């Protein structure tokens, strides 16, 4: 018998006891002496007692801190410090402490009480497992007591150790009792502490008594009797099995309103970490064709937006954060627990990454030495190859699980935060600011550092109230009184330059909606992409340090030479990356330019089609696209350079290290050193890639986070949100009357700039609304605001609503609009939501059928609703595109009338209405019972029509001042211009008889029977179709697609083969040291061969990838060109059914996906597929018998991948479609910001936003969880593959160490690639969804394409002759006719007026003449049938001005002449003819010029100004046929008269003019009048002739007019001329 070597003599805790072959356990125990007292702390058995003691202290502290008395004290202190509490103390206490619920004393039955108690603890399964654990604890305690009494009866150190162990078991038993008997919270706390104690004890015994079996030299320290194995078994059950497999106890966040828990909240830790709870969703998706959103798991209560807002706004909202700070620190305060977990997971991941190099090294070392001097058995290292990556994968997947959940929550939080803040900002059009005029004062509008405003995030948060100064602060308080102190008022009045400057926006910006959309899309995406900063700051340093340590341990100081080489070469990829970023910035500028051009194009695509601009517009977009792709090519080539360098550097470092080790250090290469070093160098390479990848992402994320922070802190706010409003109000002594509506001694501007704003006019236009004395509107009466175009009528309403910046000019200044009775507002630009007509009218109010029907009748909507099959359930479409301008105006009016608001602000609601309808509104609505007693402030141009009902009139001057005010007689006596306008106005002043036209309606409004016009977003089911893929694949190859693909695949495959040969060659080199004397090994020969292979691989890969880059650019250019051509060539009907936002998404977001992600993923997928095939083949070459298990594992991985992709595609599509409504609602709310605030509807819109965000979160959570489900399984399969191969190589065929190392390297690499291959295939499918969506838009309905036969003669048109014969028209090929047998003839130079009721077919006729709808019959223009002419030629020679003018963002010159075909003289003449110069003088500082900036959609111009510019654009075209479709409806009478006179004078004698008009005066001097009704011509003759027909419709219209004599005179004069 051999002697026993006791390494720590006298200590039973020694882990190293060396045994002989026949050593018996009894003899070992006999010779182990008792430990000395001073050595007791070296014994591992002290650990359980120590952990139990620490746990006891923390348990008591936690329990005391959570006691009712302590919590009440802390809560009282918190409430005393803040007025921004989200909920009451009782609600918070109940939500946080469910144990505080009052017990039900009626439950006297012991059984029912027991059932209730079990239910509170989580149910019978959890309770049973806790009882099982308690039983195990009692058994362990009993066993421990028996051990002390039976074996350690003395008072030695060993006895004390076991007494401490016995105490730990007693404490565990006590915790077990608490876990099954206490309340919800305390039992859960006890379970956590119990698990910690038991796991620590289990770990001690595993180390002492199980680990020795994995070594050649150690023995168990506590013997091998039944007692120890029983103890280990009980500890395994109680400390491992029960905690891992016990379901989680669900504790609702709100015990009063608990939600149904989801599996994620109730499954066991084992299921949670391995994502078994996702199995049901995966299997459901596998069995069904598509998984709808409602079939996905519901939201967890901690993921609802309501909870997220409650959790986050106290740290983010500038109105709740006491100290101004960066948004980053607020996010860290919210997610600090998550980032603590993330840092721990990163540490575990880093430690596990070193598992493969160590395992390969130790295993190959064992094979090289035959097991000589080995301490650990080889099966341990084999299992290490499986468990190391698997544990690392679990940690890393939990890291990603946490980050993706944090990402989704951050998206929801910031979207809600920006939306919430947008409800406070000043809505104004931005057209860009120069440095000299961008200086603005943030005092009074910037977000305050220490604001104390009531929380606006709760359901009951009003638009409403504040703790103090309720009547001066908020828009929805009892008033909107805004005041400022005297000094501030004087400073403003004197025009002193303010000192502060708003930081957002500071550059040329587009419109408000675009800026805010950028924040919640582009910027938010960059912010969440920077969430992984721990990868850079924790993982990279730790992994680099561990890799260097490992390399140094096997290669000595040569590893430091390799490190030095890496440090020297590292700046090279950094330099290339900096060049790449510069190119990327330039590329993004070109991309922005292209996106802006596409966006502007799609926003006015109807105008482009009506003007026949499709070819030139397509060429313009193609030019921008070519500029973008030029930089895309540079960017991709620089990326290729970066890839090559980052590939070469690690190999060069490895080559340098091996050369130093063999040539300089004269050491021998072995397989264990070569292949483990290769694995370590691979880790270093990963670190380099992370650094290069994460730094740009973090920089972009910081910039975007800065932008959001600036928006929150520095954006102009409404006055009522300014801290100065609170501070300054007490300095004013005079208070306005509580019920007064008015303004005194004040100026109003659209920005904080002391000299006004660029709103309504050019960039230098300064507009200021001034009230020098006092303006007081009459309560309970109808008040009129009159004035010329651009005089500030709308601004006056905005000033009352608090939308403009209030500048006091005297000590008694005030502006006051009572809110307690409600305010309703109808905007001049009718704002409707993409909902049904009824929803737009109700606007959240309860449905009262009687009141609703009255409103429909009084607003003249009955006939319009009869036009729709679905009636008032018809969807109005995006921006109300399915409605005419008049219909939108009346729906907007109906919304205001239906509301119960006491004050109605109506902005020119009569402008878009025809004479009869406007008369009806005045007589039935404004004189009706619903508005009786309510205060109406009406802006209008229809002076004569509206003045009879007015009790108070305000006349505005052209300089933004009030010209006169008072009763109508008083104003007329002062304002001669108004008197003249009233006298000359052609508006009815007598009550017209109620007429209901029962004839067929204008079918342009007909929709499906369900009322849906907007088609649902396409959801493709299954995989991406071959037609879409073929589009791209053949686009890549151009004219030689097959040759292209052969070259690409061949290059990648040969390069991957050479890379594999490189790895084998290093093993072959190391093998030479085994087969030959080291002096015979020619190191230089092997180095040269290896270097040559490296150069060959780099050259071949570079050529193949460069070829692919050029192919990708070719495909992107082709697809973009076809997409733009397809959309520009579609029909107006398709455009009506498709929201512009979807079209823009295809041309921008989806196209960007094709340019970038799809192209990159496709090339990577090809490369990885080739690499996997090569690696699998190489494994089979060296281990042919392993082909069966290897194939089985590969098939299992592929099966997991297929199941994953099926589910992922479904969820991804649902997530994308759930995201769009969030952004759509966001944009719609911002567009209607003024209306929402006027109605006080912020809370309802906030709740709707919450509902849509919740739907998005519901789809996003399983989307990211599915990735985790796949990764865990593929990583486990990969680890199993490597471990099984190692078992086969070590215990099977007896392969040499070099071949074993090579096979293991290939196996580990192959197993890692399984996941990447599946994910790339999935990414290819997901990004291919964009390709599929684009392909769908290539297959839409199109108008006839131009042909050579359709080119008209060069002289055409020589005149404006128009002849129409038997024209029928309909909006769709299967729809009913909207025009019936229309026949008429107009000679060149004639002016024809077209009149008729709404729905009579006026607009349909204009569209039919341009072949914009399906027509039958014959239309000849200048003698040539229009159906034989190409559409672009026809529309280029006919000009139409639609009802709603469309303008581009840019200068006025670009709007009038988008393609630069005319000089400035022609453009100015057109502006003069259109009447613009009649509205302004040369001395006007803010006059509109050709260089004036126009905001997107003309947002910085009044509607009248837009119509003037649209008319000027039409005049520039100099067409022989000009069609005006309500082109001057928003222009005052005087300006309209100037325009009509200009048209008569300026237009050529051969220019035919068709005018659709509501104003009879506009067309009374026309050569002919066409009266349409129900799609038919009922009258067509000279006005004088039509007036002779006493039964005629036109005669009736004139008779209804109070100025029929003047109209008759005009007609007679025209007939004589």
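Cβ coordinates come from backbone N, Cα and C, glycine included.
Of the listed segments 1185-1205, 1332-1352, 1353-1373, TrEMBL assigns transmembrane segment to 1185-1205. TrEMBL lists transmembrane segment at one of the ranges 1162-1182, 1225-1245, 1393-1413, 1414-1434, namely 1225-1245. Given the ranges 14-39, 40-65, the record in TrEMBL names 40-65 as transmembrane segment. In TrEMBL, the annotation transmembrane segment applies to 159-182, one of the ranges 87-110, 159-182. Of the listed segments 473-492, 493-512, 513-532, 533-552, TrEMBL assigns transmembrane segment to 533-552.
The largest share of C-beta pairs under 8 angstroms with the transmembrane segment (339-360) comes from 533-552, of the ranges 189-208, 533-552, 1185-1205. Remark: the transmembrane segment (380-401) contacts the transmembrane segment (1266-1291), by the rule of 3 or more CB pairs under 8 A. Here the transmembrane segment (637-664) has long-range neighbours at 551, 555-556, 558-559, 561-563, 565-566, 569-570, 572-573, 576-577, 579-580, 583, 674, 677-678, 681-682, 684-685, 688-689, 692, 1062, 1066, 1081, 1083, 1087, 1090-1091, 1094, 1098, 1101-1102, 1105-1106, 1109, meaning same-chain residues at least 6 beyond its ends whose C-beta is under 8 angstroms from one of its own. Stretch with the largest number of CB pairs closer than 8 A to the transmembrane segment (189-208), among 228-246, 533-552, 558-580: 228-246. Each residue in the domain 'ABC transporter' (743-984) has a pLDDT score, and their mean in this model is 80.
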